[in-house]
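As structure tokens, the structure follows; a few thoughts come after it.
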Amino acid sequence: IRSLGRELDAARYQRRTLHHAVEEVKGNIRVLVRMRPLQSSDLAAPRHAVRVEEGSLEVDDQRNTVAVVSPASGTQSFEYYRVYAPPGEDTRDAAAEQQRYVFVEQVQPVLQSLFDGVNVSVLAYGQTGSGKTYTIFGQGAADDPAQQHASTPHSLHRPPSVASPLVLDGLLPQSIEHVFAMKREFESTEALKASPEGGPDPAVGVALRLSMVEVYMSDVYDLLNPVDPATAPAPRMTTGGAASSTTLASSGTRCEVRAVPTGGAVVVGATELGIDSEAAAMDAVARGFAARKTHRTLTNPRSSRSHLLLTVFVDVTARHARGGGVVHRSSRMMFVDLAGSERVHKSLSSGDRLKEAQHINRSLSALGDVLAALTSTKKRSNAASHVPYRNSKLTHLLQPCIGGESKTLMVACICPH
Ligand code: ADP
Ligand code: MG
């Protein structure tokens, strides 16, 4: 058994080394494009007509390209790490199958390094309604298409829609499931080092914690610590120009953000919930979502104007060698449902709505600058150039999980119209 254990160790080491080598070649920042299927509400959307005149988008999941076809300037084609076209069949099964496929093909390989201390991030970028929440969390959390264009103040008086059963099959729930499977495998193989009989080794293991925060107008709110609605400040209403709008504090508790000397920033006092099972983790996610959703029914499009950051902190304790001392490694995976990237026309927005749009624009372009700095450093292969993480709270909070050894998947979600 002892020699088998050694062989297993050697094989695992070799597999890991090979895996890392392959992943290294593929690069640490990967941009994926995912086009969601056409929906009946797309045809009702007033912007549809404009889009047709502007041209169309064609995705090719064989060549991994997106072509912008425009009557004025012809066809321009862009290549990405991977492009996903809408599933051929418009059924729930086909949609669920694609969720699984994207996870297995893209996320699972990068999670492989998580217990070795490598940080991972998965970000969803795109306009409101393009499938960001669907991609990260799944159908049960995504917007109901029937409510999608109800962003006028009238929607404030609409009764909240009856919650459909929460089907969470997005990249985050699948990752949580996978990480728990990795944990079980790790703990059982590590245990072999302490006693060849394979009894549990209490000194080794993987501990997981989860946090869920929302970044709105440069403030950070803890969604796992909801504010009691009875004591929350009343919503502030402003009316200006053509559009009237509402700004509310999130239904999470507002937290301070502090820079840490080792790089990045922490949300001071945000709940980090210990999770010892998949069920406990998904329960926490559902609670965080409820805090966000409650809020959403008050000011309908509000959730698309904030960034949602979910972090799973990983603490690994392993044995150095058979019967030897222990070693600790920490890492984390972050899932980010970014604010809607649509442009807000100055003429249509004023007051708080415009301020929100400016915050979103600033943080998304700061994210673009960080990614550009990281990828150009790689290309020129010179000493690390300055990466402007501190230009926005979003990028500062993401710093530990983007750049360096970290693995980043950027999913650009696009609409078919
Ligand atoms: P966003 O978060 O970007 O505003 P959502 O994730 O809420 O967009 O998606 C908008 C709508 O499109 C939802 O009804 C969602 O169920 C649907 N949808 C998005 N992506 C897909 C997909 N890949 N397959 C099937 N339906 C999708
Ligand atoms: Mg969303």
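Cβ atoms here come from the backbone N, Cα and C positions, even for glycine.
Keep in mind the model is a prediction, meaning the values are calculated, not measured.
Database features, via TrEMBL:
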- G126, Q127, T128, G129, S130, G131, K132, T133: ATP binding site (BINDING)
- 28-417: domain 'Kinesin motor' (DOMAIN)
- 142-162: region 'Disordered' (REGION)
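DSSP assigns K132 (ATP binding site) to a helix in the three-state reduction. Averaged over the domain 'Kinesin motor' (28-417), the predicted model reaches a pLDDT of 82.
Within the same chain, the residues at least 6 positions away from T133 (ATP binding site) whose Cβ sits under 8 Å from its Cβ are A124, A141, A142, D143, G170, D337, listed in sequence order.
Just so you know, the Cβ of S130 (ATP binding site) picks up 22 other Cβ atoms within 10 Å once every protein chain is counted. Taking the mean position of the Cβ atoms of G126, Q127, T128, G129, S130, G131, K132, T133 as the ATP site, the remaining same-chain residues with a Cβ inside 8 Å of that point are R36, A124, Y134, S304, G340, C413, C415. Taking a Cβ distance under 6 Å to any atom of ligand 2 as the criterion, the binding-site residues T128, G129, S130, K132, T133 reduce to K132, T133.
Cβ-based neighbour count (10 Å, all protein chains) for T128 (ATP binding site) stands at 19.
Reduced to three states, the DSSP call for G126 (ATP binding site) is coil. Around G129 (ATP binding site), a 10 Å sphere centred on its CB holds 24 further CB atoms from the protein chains shown.
Here the binding-site residues are Q127, K132, and the one with the most other Cβ atoms within 10 Å of its Cβ is K132.
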